[in-house]
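Participant: A single structure is presented below for examination.
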Amino acid sequence: MYAPPYPVAAAPGAIPYQQYFNAYPTIHYPQPPSAANGYGWHGNGYGWQLDPKQWRKGGGGGPVPPTPSTGTVEETPIRREKVEKQNAWFGERGSGYRVKSGEPQDFYKLRDQCLDRGDLFEDPEFPATDSSLFFSRRPDRYYEWRRPNEIANNPQFFVEGFSRFDVQQGELGDCWLLAAAANLTLYKRLFFQIVPDDQDFDEKYAGIFHFRFWQYGKWVDVVIDDRLPTYQGQLVFLHSTEDNEFWSALLEKAYAKLHGSYEALKGGSTCEAMEDFTGGVTEMYEMEACPPNLFQIVLKAYERSSLMGCSIEPDPNVLEAQTPEGLIRGHAYSITCVKYVDISTPNVAGKIPLLRLRNPWGNESEWNGAWSDGAPEWRFISEEEKEELGLTFDNDGEFWMSFKDFQKHFSRLEICNLNPDSLSEEELLEGHKKKWEMSVFEGEWVRGVTAGGCRNFLDSFWHNPQYRITLTEVDEGEDEELCTMIVALMQKNRRQIRNTGADLLTIGFALYYLPYPDRVPKPLDLNFFKYNASVARSPSFINLREVTCRFKLPPGTYCIVPSTFDPNEEGEFLLRVFTEKANIMEYDGYNRGSIREIRGNEVDDEEDEPPSAPPDSPPDSPPPHPPSSYPSYPSEPHYPGGGGGYPYPQPAAPGGYPQPGYPQPGYAQPGYPGGYPQPASPGGYPGYPGYENQGYPYPQPNPYPGYPYPQPQPPPRSSRSGDPISSFFKSLFK
């Protein structure tokens with residue numbers, strides 16, 4: 001159950017204004033490359049398997065991976081104990097982690113100390129004991145911790161470079177992590193950002209290694225010793241196909257340390273690991289409900305070097321069943337190229353959108369339809385274009401297909417967008433790549449202060465943190481004058497505190513249009529939300545680590561309100577906003593006063609019933625689920641009421657905004673992994689609009705008498721024909 005264990009937040013006015021809001025400055029984090037993600041909760045083999053490309057040392061070099069920085073941004077009066085940094089050693093102030101000794105774990109300093117003393121490093125923060133293996137039980141057998149030279153002869157960090165074949169799953173149900181690690185090997189510069197190559201079993205070997213992970217806006221350098229759990233002399237968990245290669249096993253250990261134990265890695269989503277490896281932001285699309293301009297989205301993602309993958313809904317009765325067209329169900333494919341290809345036939349000439357896909361098996365299991373290897377369609381392509389495409393007809397798992405066939409035969413598309421600093425300037429110039437503009441905010445929901453719950457709880461909803469963003473420049477190359485914006489809301493540190501019984505919160509966000517931003521209060525008050533509907537929202541409130549959605553909005557000022565579903569649920573969050581053009585974004589609150597300092601990993605002491613897991617989900621891995629007050633299926637109406645429900649008539653959308661037409665879901669789509677019911681839209685009304693607009697049984701209110709500022713009006717019409725606001729919802733997901 002998701003009933004809040006605490007009273008509903010106090011009515012507006014009961015607490016001074018400055019106590020309602022945290023004040024965090026805009027922080028633009030330089031971050032490394034992004035990569036692709038998987039879908040759903042993994043631990044049973046579902047997820048990404050990736051191309052068997054292999055990088056060799058000495059074959060290209062690439063930039064030197066960054067080391068932790070000593071620079072900081074301005075410290076806020078609210079978070080005095082935490083200074084934000086681009087990079088940080090594990091345990092360093094600003095890393096988000098504390099160490100028992102109080103001394104940050106500086107890899108180079110610790111290695112030099114061990115070399116001077118002539119001994120091997122033993123990590124006091126992640127000891128070779130059962131507590132580093134499991135938090136909920138004792139091991140059912142004895143695990144012996146051994147160093148690599150006690151496991152294999154001639155141990156090496158890399159054996160002839162690195163490839164996805166270096167990632168082999170052991171006894172731990174963390175295939176979601178392994179899928180991400182395998183994808184990491186495809187991109188050399190990205191790989192060395194996570195796995196520094198300044199370490200090996202050479203003359204500087206001291207039993208110490210380090211890895212870097214993105215954690216909520218910063219890169220944390222995690223130091224470990226090289227003692228690994230074994231049983232009967234063999235590695236128990238992640239290992240390489242080469243017995244004497246250890247980078248992958250050590251990477252898994254560093255990630256386990258980051259989250260407290262190996263057991264903490266059981267069950268998860270590949271996108272979570274990919275984001276920790278890259279700092280990227282994930283989008284997901286279902287082919288049954290995809291936007292009409294999906295190919296333009298895919299093409300732009302490819303131009304920005306976003307990583308993409310796709311899959312077909314599995315057959316519940318047959319593992320990896322093959323379709324008549326040669327495709328594998330329940331299997332992940334990589335999208336390796338997106339092109340408009342010139343075609344010339346006796347009857348027609350023009351461009352056709354094609355995709356190049358790769359089956360990670362790397363064998364003859366390929367698409368056998370139109371544009372497949374050796375298909376007759378290729379005779380209409382010039383030899384020059386074939387050469388430009390690098391066209392080959394080998395049994396290597398790679399094939400081309402039309403975008404139309406892709407939409408027909410595949411079920412799901414995953415895109416992980418790169419952040420603005422994912423590409424080097426050289427890559428931008430050589431590949432004509434484009435960067436996203438990104439704004440990042442940190443915040444938290446505090447019980448009785450800023451944890452207002454969703455829009456169902458109107459009296460407290462306005463207590464939530466609020467962020468204003470002004471979109472001024474429209475996208476390039478679009479017929480309609482709209483601005484693309486991706487909003488990603490991520491809850492922080494939930495996996496690290498699984499040993500306390502904490503679970504993921506049910507989160508989402510809403511966007512409100514501000515036609516007169518200078519004439520409304522900062523922050524927006526109860527009256528505003530009582531008589532103004534949101535113009536866009538997250539697809540659903542759901543218990544995933546991150547909720548992401550793409551919007552196409554007219555230029556103007558908007559307010560983003562992130563929240564949990566129920567009031568008084570505490571947690572920290574990271575809000576990231578990606579736009580194609582520069583934007584102006586600010587925290588819509590107060591900078592004066594002290595709210596409270598962040599209390600480390602403190603969580604609510606609530607006793608929620610564990611969600612029921614689908615049959616195929618891994619143990620101890622609850623799937624994403626809607627809150628208890630949602631109906632079982634989105635088609636069942638749900639009207640707010642009782643226990644803090646919405647007591648007022650629902651507001652109409654701002655003038656010029658049609659009532660229906662809310663964004664298509666990204667996560668909450670038909671065919672959710674495991675076959676359990678889909679999360680409902682907010683409020684549970686039929687379709688995606690949620691409780692505010694479609695089907696509400698009460699009349700829409702007239703403008704509120706005495707409303708102290710002008711009623712919302714649509715943005716001015718553009719010089720182009722047509723109303724940009726009317727076209728807003730039609731083009732929302734372009």
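The backbone N, Cα and C atoms fix where each Cβ goes, and this holds for glycine too.
So TrEMBL lists the following for this protein:
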{"type": "REGION", "residues": "55-74", "note": "region 'Disordered'"}
{"type": "DOMAIN", "residues": "120-419", "note": "domain 'Calpain catalytic'"}
{"type": "ACT_SITE", "residues": "Cys175", "note": "active site"}
{"type": "ACT_SITE", "residues": "His331", "note": "active site"}
{"type": "ACT_SITE", "residues": "Asn359", "note": "active site"}
{"type": "REGION", "residues": "602-734", "note": "region 'Disordered'"}
{"type": "COMPBIAS", "residues": "611-629", "note": "compositional bias 'Pro residues'"}
{"type": "COMPBIAS", "residues": "630-639", "note": "compositional bias 'Low complexity'"}
{"type": "COMPBIAS", "residues": "664-697", "note": "compositional bias 'Low complexity'"}
{"type": "COMPBIAS", "residues": "698-717", "note": "compositional bias 'Pro residues'"}
Participant: If you measure Asn359 (active site) to His331 (active site) at Cα, how many Å is it?
Facilitator: 8
Participant: Suppose we draw a 10 Å sphere around the Cβ of Asn359 (active site). How many other Cβ atoms does it contain, all chains included?
Facilitator: 23
Participant: Restricting to the domain 'Calpain catalytic' (120-419), what is the model's mean pLDDT?
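Facilitator: Overall, the domain 'Calpain catalytic' (120-419) comes to a mean pLDDT of 85.
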Participant: Give the number of CB atoms, excluding that of His331 (active site) itself, located within 10 Å of its CB.
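Facilitator: Result for His331 (active site): 23 other Cβ atoms within 10 Å.
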